[in-house]
Structure formats: structure tokens, C-alpha cells
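Now, the feature entries from TrEMBL:
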COMPBIAS  316-330  compositional bias 'Basic and acidic residues'
REGION    314-347  region 'Disordered'
TRANSMEM  28-46  transmembrane segment
TRANSMEM  66-88  transmembrane segment
TRANSMEM  95-117  transmembrane segment
TRANSMEM  123-146  transmembrane segment
TRANSMEM  158-179  transmembrane segment
TRANSMEM  191-212  transmembrane segment
TRANSMEM  224-243  transmembrane segment
TRANSMEM  289-309  transmembrane segment
Amino acid sequence: NSTGCSANATICNGTSCLIPEDNFNETLSIILSTVLTIMLALVMFSMGCNVELKKFLGHIKRPWGIFVGFLCQFGIMPLTGFLLALIFNVLPIQAVVVMIMGCCPGGTASNVIAYWVDGDMDLSISMTTCSTLFAMGMMPLCLFIYTKMWTDSDAIVLPYNSIGLSLVALVVPVSFGMYVNHRWPSKAKVILKIGSIVGAILIVVIAVVGGILYRGSWNISPKLWLIGTIFPAAGYSLGFLLARVAGLSWHRCRTVSLETGMQNSQLCSTIVQLSFTPEQLELMFTFPLVYSIFQLLFALLILGAYRVYRRQGGKTKTDTEKTEGKEDSKSTSSHAKINGGFISNET
């Protein structure tokens, strides 16, 4: 070690050392990826326990909310990414990764946050499912339209198998959760409470683990840091605004907002790794992680603000309707007791 070489160096010649390849990070990444995938499936199962089949199918049959979400996901987000890339005048390769993020479908983390802000879970699940399904065709189309000025769209490799796996990993657990909710509603409530807490913890863990695994790639352009901060905030704000203009109720506006701003950053990372050389990756590889961290921070701010609002006694129109419904139910129940259990058809 007097030469300045590391203790585990196999060949030393002055200050020139040959150190065995360290696969620790790669192995850790595979293990954590497997564990997190299983945990995420369990969380989505618990989220499915809050979805009613009849309401879920109602959104499919009358897809106004899904259509608004579609416009946000594949209209607002790609356009916002394109404008940000132009405004900040980033390198072409950096502009492309911003566009890839903007064209990705919604992430499953939005379902967990939507639960905590009393959103429409049926709409949240159906939007995530449909955006992932539509991504098969809309991602190539949006990338073809917006990236022509920076690169050949054929150079971007879309992992359709990963998109398909994301869809399966969402649909299967949620379907089981819906079945449990239909068959054993009391047990579904317990599973939902546990899953919502685990899901919130899991989102934070994924962000922290990602930051640790890729700590060596944080040297990216300050412009990408700014875009990674502004982009999710713009997604949340514009998604909420468009949903409100479209006449959706407040709890559905919150849902659409979260579904718009929270992108599938894991899919973006996969596309980036498949499409670019190691030299190109150095310029923008960490952007999906930067975006995911800021989308989480803004989501937590939204959640905190909403919880403070509710604690202060604030109620939305939907909340008032739910309260009135419960009161009507109680009055009907007491009336039934007086009449010996008979409930009239008019009631």
C-alpha cells in the first residue's frame, strides 16, 4: 500500500493499479428490484381492495374522466416537456430524455397518493391502466412528433415488453384486490389500511434507494435540475386545471392532477439505457431519478396541504354529498326500526 494502491488491488506498478471488478452495486440493484417489484404488487393488491367493480366499469363505459386524463397524459405532458427543453436550450440528447419522460404513462405511485388525498380510486386505477395500455401506441407517436428536431425517432428503443409487464403487474394484483373487496369487504378494509401505509413507505424507500445506487451520476447539467423541478409541478397544476375546466368534481380533479404529474420514471430509465451509449448516458442518465424525487416531494406537499385543509374543517362538494348520504342512510335506518324493519320503496 506504500505505492498508493488500494488494499484489494491484484497488480500494482507505482500508482497504476488493477482492481477487481466490483459487482456489488449491480447485485444489490437486482435484489432490490426484485423485492420492490413484489412489494409494489402487494401494494397494488391492497389498492384494488378499495375499487368497486361496478364503479370501475362505470368509468370504462362513460370514459369522460379517462379521456380528460388521456389529454393530460399524452397532450399536456409531452408539450410541456417540449417547451421546457426549448426554453432552457438544453443539448439535443438532454432534450430527448426530457421528451421521453413526458411521453411515459402514469406511475403506480399515483394510486397510493390518490388514496391519501381522498381521490377517486376507481378513476385512478382505470387511468393508470389505460395510460399504460395507450402508451404502446402513443409513446412512439409523441416521440416521432416532438423529437424530430433533435434526433431520429428510430434511434429510441421502446421496451414494449417492459410496458406489457407494467400493465400485467398493475392489472393482476388490482383484479385480485377487487375480488377480495367484492367477496370479503370487511377484510378488504383492513388490507387497504395496511397496504396504504406500506405503499407510502415504499415510495420513499424507492426514492432513497435510487439516490444511493446512482450517487455517482449526480453530476448533470443545472438546466436538467431546473427542468426536473418545474416539470412535475407543471404536470400537477395543468392536470388539475384541465380537469376542473372539464367539469370534473374536486376529488376527481385531485386524482387527474396526480395521474398527470406522476410519471413512470422506471420505464423512462429503461428506455434511456437501451437507447444511448455510455458516453451519452453521462449527460442525462440521472434525469429520470431527479424527476421522480421532485414528483414525490411535490406530491407530499399536496398531501400535506390537503390534510391540513381537512383538519381545519374544510370540505369539498363531494365530501358534503357523502356526508349527506350517510345522514340520509342513518335517518332511513332509524325510520326502519320504528316501522319494524320496513323500508318503503320511495325512501
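We count from 1, first residue shown onward.
For all residues, glycine too, the Cβ spot is worked out from N, Cα and C.
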Beyond a gap of at least 6 residues from its ends, the CB atoms lying under 8 Å from the transmembrane segment (224-243) belong to 68-69, 71-72, 76-77, 80-81, 84-85, 88, 90, 94, 98, 101-102, 252-263, 284, 286-287, 290-291, 293-295, 298-299, 302
Below 8 angstroms Cβ to Cβ, which residues of this chain, lying six or more residues outside the transmembrane segment (66-88), approach it? 59-60, 94-95, 98-99, 101-103, 105-106, 123, 126-127, 130-131, 134, 138, 142, 145-146, 223, 226-227, 230-231, 234-235, 238-239, 242-243, 246, 248, 256, 259-260, 263
What parts of the chain pack near the transmembrane segment (95-117), using Cβ distances under 8 Å and only residues at least 6 beyond its ends? 40, 43-44, 47, 50, 69, 73-74, 77-82, 84-86, 124-125, 127-128, 131-132, 134-135, 138-139, 142-143, 146-147, 150-151, 156, 163, 166, 169-170, 192, 196, 199-200, 202-203, 224, 227, 231, 254-255, 258-268, 271-272, 284, 287-288, 291, 296, 299, 302-303, 306-307
Please indicate, using numbers and ranges, the residues of the same chain that are 6 or more beyond the transmembrane segment (289-309) and have a C-beta under 8 Å from a C-beta there. 101, 109-110, 113, 116-118, 203-204, 206-207, 210-211, 214, 220, 224-225, 228-229, 231-233, 235-236, 254, 257-258, 261-263, 265, 268-269
Beyond a gap of at least 6 residues from its ends, the CB atoms lying under 8 Å from the transmembrane segment (123-146) belong to 47-48, 51, 56, 59-60, 63, 65-66, 69-70, 73-74, 78, 81-82, 99-100, 102-108, 110-111, 114-115, 153, 156, 158, 160, 163, 166-167, 170-171, 174, 252, 255-256, 258-259, 264
